[in-house]
């Protein structure tokens, strides 16, 4: 029983972080219909930002969050103004290949600067601590903090988009770019804002993740894939959709734990021999694949 | 027409002369240096091990090339290879990043471009596998010091020799220790029943090496009568191992067994701690579990963890020569010799003996020398009976005189954490901590 509850809790916690990862992707897609392949690389840069902040300032890793937000926002803006703006003039395929190139560029840049070694944070007030909920259910403090802060950030962005004038302008641009422009909304600046928020949220997620997830220049791809699956599941451009889809995806990655539960409940030998752990992310990709085949606009998507 | 033909003939003759000149074996005295290509993981997940391996190999080459006082080793008393007129050993390092395909490419480059006389490497069994296949193809001798997948010497290769004992011996040692615990043979531990240690769970990284260890654990657990409840293979590059650890914990094991490289070993123990896993024993199959980084990063958290190993600084108490080399190594790197560096050292040392015996850099001569070489145990830093390769049978190229150790991390009187020998029982340097004290 403990393994079942542990797995479900772990799934929901990591799902909350995944939600913040996917948020930027869905905003950028919603506003400008561009798929950002470099999304995971932003997260990777967030991880390195976290590590560097800790190393340089000696502060606890949790305090690297504001730094990561600032770095991410600046990076998003820079990528838009210096690069993506020009891609928009080209055909769709140029946009796809363009962000793909951005991904390769960022990855190799980090590889050049930091090398390919895995790095992690091994100190901090939360590292190594955990909450014991009884019955063998144990929640590592770093994960809980990451999940809570992710949800808070997510809600903040949601409120910003729905309650502020700027946010509404962003939403309007996403709904109908032409009409928004007629209303005097500067579409160009909205694009830049979308990239800024997109960059900031995913970089923040990286800074939260690095407390328990080791960083390497190659870590981005996994998260790009996960974010794609979440955005497909939740509907392209849908923010609440992304949140719930992220929780579902978080639970999907915990299928091995649920499998273990049944293995030990039935004390089943063949079930114990199935290497479920090796297929942790297969479920996520499979979900993505099925949605793409059955309903390419995403499960709850409203954009065509 | 005739003229052109005779011109051609003259050209051919000239060519043959030049080529012939190349083919005539050069006299021994003309060899100034012997080039050994060394392929190690200098970057990537095992970079920490790579640095250690490199430092160990470099130190051995230095001792071989110079006359060094105060080291009771034959190769320290002479400068260079005597039978080659004092030729120096030159190591050419290449970085395989843990990638078997890259390793094979590097081996080809070393053989064809750098024209090396032999190869040493490669740490990861998966890389050693592809590199040794290239060496076999080109007929270039390769000595392997630290890859422990048993399969490597089961292929009947004619150009591959392995100095280290392999995982079957090491894993057997573990089960001997478990049996020993129940039989009351372990120093400082009594009253343990076999039932207390019945349930096992294993997590091994899933390349060549880890997957083989997983198989061995399974087979040996059956042989020795233990119940392997769960066996997991995971990617060494995993950035998060929490679901793996939960899965292990759910099996409620008495003993947890691991085969991990460096960064994943650290992550594994961190995750075990975060999940408050509390088995009675934690045993690591060398590699990541005995790296300096493992100790530095995890500090007090590793007290009580066991690791099999081939070398501990404590060996210096038994073998003076190990202590002498350890001093030099510590001066060079700031660390004590570890399993990786001691075996890299021994790998280069074996090359020195092979070349000395061959008296030539001709590949066939080196091959013959390797097959008949015998290095006495007192020459080695590692606690083996010596080095002697099987040249026939189903373990072709395997050193038959090697043996392993099991160490346990304990806090010494000076507050520093170090490995104490707990197996073999007669070499034990401290009482074993049992059960694992937890976090």
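Note that Cβ sites are derived from N, Cα and C of the backbone, with glycine treated the same way.
As recorded in TrEMBL, the features of this protein are as follows:
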type: TRANSMEM; residues: A:12-35; note: transmembrane segment
type: TRANSMEM; residues: A:65-84; note: transmembrane segment
type: TRANSMEM; residues: A:96-115; note: transmembrane segment
type: TRANSMEM; residues: A:135-161; note: transmembrane segment
type: TRANSMEM; residues: A:192-212; note: transmembrane segment
type: TRANSMEM; residues: A:218-236; note: transmembrane segment
type: TRANSMEM; residues: A:243-262; note: transmembrane segment
type: TRANSMEM; residues: A:282-300; note: transmembrane segment
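Listed stretches A:12-35, A:65-84, A:96-115, A:135-161, A:282-300 were compared with the transmembrane segment (A:192-212); the greatest number of C-beta pairs under 8 angstroms is found for A:65-84. At the 8 Å Cβ threshold, with sequence separation of at least 6, the transmembrane segment (A:96-115) comes into contact with the transmembrane segment (A:218-236) through 3 or more pairs. Within the chain, the transmembrane segment (A:135-161) has long-range Cβ neighbours (under 8 A, six or more residues past its boundaries) at 1-3, 5-6, 9-10, 12-14, 16-17, 19-20, 23, 27, 62, 65, 124, 126-127, 129, 167-168, 170-171, 197, 201, 204-205, 208-209, 211-212, 239-240, 243.
Sequence-distant contacts of the transmembrane segment (A:12-35), counting only residues of its own chain at least 6 positions beyond either end whose CB sits under 8 Å from a CB of the stretch, comprise 42-43, 76, 84, 87-88, 95-96, 99, 139, 143-144, 146-148, 150-151, 153-154, 157, 161, 170, 173-174, 190-191, 194-195, 197-202, 204-205, 208-209, 223, 226-228, 230-231, 234, 236-239, 241-243, 245-251, 253-254, 303. Counting only same-chain residues 6+ beyond the ends of the transmembrane segment (A:282-300), those with a CB under 8 A from a CB of the stretch are 225-226, 228-229, 231-236, 238, 241, 245, 249, 252-253, 255.
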